[in-house]
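Colleague: Got a structure for you, written out below as structure tokens; questions coming shortly.
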Amino acid sequence: MISSLSDRHLRARASSETDRQSNTYEGVQLYEILKNVDFQCKTNNEAHHTNEISVDRLIVRRGQGFTMTLDLQKPFDSSKDQLIFTAATGTALIYLTKTLQQYFCASSVQQKEGLSLEVKPPVDAPIGKYTLSLKIGEKESSLGSLVVLFNPWCKDDSVFMPDDKKRQEYVMNEQGVIYKGSKFFVLGASWDFGQFEDKVLDICLKMLDLNSEYKKDPAADVAARCDPIYVSRVISAMINSDDDDGVLEGRWEGDFSDGILPTCWNSSVDILLLWQEQDYKSVKYGQCWVFAGIMCSVMRCLGIPCRVVTNFCSAYDANLSLTIDVFRDEEGVRTPETEDSIWNFHVWVEGWMKRPDLTEDGTYDGWQVLDATPQDKSEGVYRCGPAPVKAILNGDTHLKYDVPFIFSEVNADCVEWLVSLPHMSIKVGKKISTKCVGSNKRAHCLCLSLSLSLSLSLSHTHTHTHKCQVKGPFQSKTCFSHVFVPCLILTLLSKVLFKNRTTLTFKDCCLTVSGSGLFKRNVVKKLAELEPDHQARFTVDFAPHKVGKKTLLVDFDSSLFRDIKGSCIIDVQPKASESN
């Protein structure tokens, strides 16, 4: 008989030498009754929307069944034979039964070519790598491994997203647009998420094993990976380097010569691969949009719908007062009472998930703000969120996680405190932007406005006369001018043409070409200098390894101009023999 795991334990356990020894049952070697195991990777992965990651290894989504075939040495006799299957994950000795609604369940059908099994991971199974084992009597042997991911296609999964167009955009799309600039000039730049590229999944799973919670208590951490709330908080902490040698080190000013300028990055894949090659030591350097781009890649890779969002005129409320306070003395000079400030823009991500930890009726389900940029600590770690967008819109600042901090970013009162004068208020949280579903156009994230009235009571014990001399009005002006930079021209013939139309000589020129599905690694071309009215033509040879519409990204940097970017769409078609 086939023993369903409804009466067995799903275990997380450490591997041992005894697991690798040849097992016997009543003197019979296991390989003498089991010829082969076929995980049907291609068929299963296509059904689970993971074939873009691989068709050679089994990668499935929880709450959805997959099939496998056992090729036995002799016909299976359910009246005499008892086969017990177990699924194990993690490296610690612990039973995970308390965290699961049900166990991995299996059903069998006897076929001519062998025994066909359908195995279904529970809808609340912890994500990660699993080992499937076959047990006969007291002996057990591994059949192989698989990876279980979140399932936004399954209505019972806590990351379920009902709209298929949104699933294609927020889970399956490997290319995107990240918005930068200012509220006066919004600039969109293509970004290569590349969540299905080679090695990215393994890097994401390794990231979970390197987080500080896993180091404290591996068993509890693995068990908690059933919850996208927990997993997203782990990812938010691991993208930055401030606590635990995360993926990327941030730097906003100073010398960048010992690393890579944040403006040079086009792709999450390049950063994740470099992190792996450096033995998981932090990559240098990044800023908010780079942190957000990497986090979006990791979330989508693990199956959590995710999008990148830019907030223009973004406030930083250091003391969580829900106001951005600037103190000035009698002469209008700013004093260092607070570290509050307003950034011209800030970039974070939003992940899609249920929030049963807040209410049972699903009031706060849906988009959740998460921020990997290390600004402030949350429960002792540099991370932020998930904070429900609905809570931010409604001003429900008592809810977790980090709602007051994010609320201030988009809706705080900005107050200039000057002696004996009323405060001056300006707006924050402008043009909150993300990419449209199914196109590269910009979409506005709808926000509501909430007025906040504060009163300050001051007492005094005596009065006296004091002459106040006004030196002059405090004014600020903004200067707008056009800065002309060279034009970047892309062709579809694997050629990149760069023409210097200025009167200046460019030195230390560097061209970086990348694109998921087109390049395994980014291609870097260097040129010592480019004189005025001269042009440089680069030929880049590449062999696309995935079909479909892919984005080719180009970044040009020099001693005079940086962050000059271009992109084009390349439609990779399968060979005629492959499409039939």
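Glycine residues also receive a Cβ, built from the backbone N, Cα and C atoms like all the rest.
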Colleague: When TrEMBL marks a stretch as region 'Disordered', which of 1-21, 64-84, 358-378, 421-441 is it?
Modeller: 1-21
Colleague: Just jot down the residues in the same chain as D371 (active site), at least 6 apart in sequence, with C-beta under 8 A of its C-beta; none if empty.
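Modeller: Spatial neighbours, sequence-distant, of D371 (active site): S236, F291, A292, W348, V349, R383, C384, G385, I406.
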Colleague: Counting only residues 6+ apart in the same chain, whose Cβ is under 8 Å from the Cβ of H346 (active site)?
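Modeller: Residues satisfying the criterion: C288, T310, N311, S314, T373, E409.
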Colleague: Can you give the mean pLDDT for the domain 'Transglutaminase-like' (280-374), rounded to a whole number?
Modeller: 85
Colleague: What three-state secondary structure does DSSP assign to H346 (active site)?
Modeller: strand
